[in-house]
Amino acid sequence: METQRASLSLGRCSLWLLLLGLALPSASAQVLSYREAVLRAADQLNEKSSEANLYRLLELDPPPKQDDENSNIPKPVSFRVKETVCPRTSQQPAEQCDFKENGLLKECVGTVTLDQVRNNFDITCAEPQSVRGLRRLGRKIAHGVKKYGPTVLRIIRIAG
């Protein structure tokens with residue numbers, strides 16, 4: 001009788017362990033990797049964008065060292081995206097699009113959560129300072145040439 005009771009108890013325990021084991025993979029499958037969370041954030045940025053073309057992840061900075069493995073806590077991210085040849089209206093995933101030659105580059109910073117269900121992100125993207133500075137310089141030079149170019153040409157003709 002005692003052996004039968006122990007066997008029944010062992011069977012219940014095994015059943016509970018089996019059920020617990022089946023439940024755990026589904027819970028862990030809901031956690032995204034750092035890269036997957038950033039890719040999702042980039043996809044959502046494309047969906048909300050009003051720009052003509054899609055942007056694709058170009059470079060992802062490594063995740064910061066954190067002891068906290070809680071997938072609900074926002075993780076800081078930093079990455080760069082580059083304009084692709086695919087129009088935003090296309091149904092093609094950005095990851096399948098080629099980068100546009102001389103396409104616009106954007107630096108993005110913010111936070112993402114690794115929880116696949118919540119999937120929260122707060123990302124801000126902007127052109128890199130050096131690109132903005134060069135573009136501003138180019139506009140000033142073009143404006144100066146347009147404004148003072150004819151005068152400079154007259155001076156060169158007179159002097160030459």
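Placement of Cβ uses the backbone N, Cα and C atoms for every residue, glycine included.
Feature list (source: Swiss-Prot):
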SIGNAL    1-29  signal peptide
DISULFID  Cys86-Cys97  disulfide bond
DISULFID  Cys108-Cys125  disulfide bond
Inset, instruction - Could you check what DSSP calls Cys86 (disulfide bond) once collapsed to helix, strand or coil? - result: strand
Inset, instruction - Provide the three-state secondary structure of Cys97 (disulfide bond) computed with DSSP. - result: coil
Legend entry - Cβ neighbour count (within 10 Å, all chains shown) around Cys97 (disulfide bond): 18
Inset, instruction - Measure from the Cβ of Cys125 (disulfide bond) and count the other Cβ atoms within 10 Å, all protein chains considered. - result: 18
Inset, instruction - Determine, from DSSP, whether Cys108 (disulfide bond) sits in helix, strand or coil. - result: strand
